[in-house]
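Features as listed in Swiss-Prot:
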BINDING   T230, S231, E232, E284, S382  L-serine binding site
BINDING   R261, Q262, E263, E348, I349, S350, S351  ATP binding site
Amino acid sequence: MINLKLIETNFDEFNAKLKAKKVDEGVLKNLLDTYNELKIKKQELENLQAVQNAKSKEVGILARSGADTTLLKTELEENKKLMQTASNLVSELETKLDTVASRVPNVIDDDVPLGKDDNDNVCIKTILEPREFNFTPKEHFELGENLGWLDFATGAKLSGSRFTVLRSDGARLSRALVNFMIDFNTARGFELVNVPFLVNSNTLYGTGQLPKFEEDLYKIRDEDLYLIPTSEVPVTNIYNNEIIPVENLPIKMTCYSACFRQEAGSAGRDTRGMIRQHQFEKVELVSISKPEDSAKILDEMVSCASDMLKELGLPHRHMMLCSADLGFGAAKTIDLEVWLPGQGKYREISSISNTRDFQARRAKIRYKDGKKNALVHTLNGSSLAVGRTLIAIMENYQNSDGSINIPEVLKKYM
């Protein structure tokens, strides 16, 4: 959630930054108007409470002296009714403010490029040259079906479209990747955690998926439980409503999980293969830091994921997302896009974001520095998406006969 006090004092700056994220100016104005109205009504309630306290003391003094208190008691009753009305209005405005504020995205960092869509994302650097093939490279779904690694028909029979059964060496390679990724991340100082795949609505609110993106989630009927869209959600919320001693920062965690998404806005996109699935696996990085350290930690997380791709021998590039392509909670995002020779283009394999204090404000994650409590900064990103890494290896390491070589670093995991 964005800082409402800063909006009040820097409305034009916030408005420009949110406009760059395609947020209508009326949304922010409504938020500010509600915030200011709430402040006024809270002050009116406090004034009525002060009157109530003063008159109550006066009644006590008069009663002890034997004087008539009838008139004052009548005034107290009238004031009490006014207090109740004012209190109800304050509660209504607080609910309205929370509802409006919870749907306003994070503001962008100053160095984020302005843009209208993903065509305006900026390539920072490219790592490893794509391999030159002396044959026409196939896409992963053709390779996988021919080898018996990817069984789309059985996935569809069991669950419907956008589900896949991995078999034989395809399943082994997927498992090898998970173990390799976990070992790589923990060697970089990330603590391995294992979390539930079902979380409650408060947890999803903390990281910003609710209330705005409920249609993309799978909900358990008649329960306050949802399947996680990413392990960022439970891992970040391990520290929900907690105060962390400053000496414990930064906190760096990594987690393997299955992820579940309805992909509500993806009809007609990537309908073949494993690029876009309702259920997929990834290994996540989550960091919690002091505000002044988060920019440096973002760079460290990007380097971790990029170095992993280098070790796997996969050509990729670093893309800074433009304002309009940034996610709801992100202040800044670096995407890593891997080269897929079968498709002849780069595709996202990791998205690493600094949310600054946006999630921390929602989830009430603070740190204690001396006598002062302050909001932490939270960061998250894939290191890496398992299915897309599998795809990238299949396409980049394919041979003319349709066989696939295994990267040297993975052989011990197979």
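Glycine too: its Cβ is placed from the backbone N, Cα and C atoms.
Annotated features taken from Swiss-Prot, shown on the structure.
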residue : record                : contacts (Cβ under 8 Å, 6+ apart)
T230    : L-serine binding site : S257, C259, K282, E284, N380
S231    : L-serine binding site : V195, C255, Y256, S257, C259, K282, E284, V286
E232    : L-serine binding site : T207, E284, V286, N380
R261    : ATP binding site      : D216, L217, Y218, P229, H278, F280
Q262    : ATP binding site      : E215, D216, L217, Y218, H278
E263    : ATP binding site      : R162, D216, R276, H278
I349    : ATP binding site      : L309, H316, L336, E337, V338, S382, L384, A385, R388, T389, A392
S350    : ATP binding site      : A305, D335, L336, G381, S382, S383, L384, A385
Per DSSP (three-state), Q262 (ATP binding site) is coil
Comparing local Cβ density (other Cβ atoms within 10 Å) for the binding-site residues E284, E348 points to E284
Quick note, S351 (ATP binding site): same-chain residues at least 6 apart with CB under 8 Å of its CB -> G327, T333, I334, D335, L336, G381, S382
Given the L-serine site T230, S231, E232, E284, S382, its other Cβ neighbours within 8 Å of the Cβ centroid, in chain order, are V233, V235, C255, S257, C259, K282, V283, L285, V286, N380, G381
Span of the recorded L-serine site, as the biggest CA-CA distance among T230, S231, E232, E284, S382 in Å, is 10
Among R261, Q262, E263, E348, I349, S350, S351, which the record lists as binding ATP, the farthest-apart pair of C-alpha atoms sits at a distance in angstrom of 19
Neighbouring CB atoms within 10 angstroms of the CB of S382 (L-serine binding site), all protein chains considered, total 26
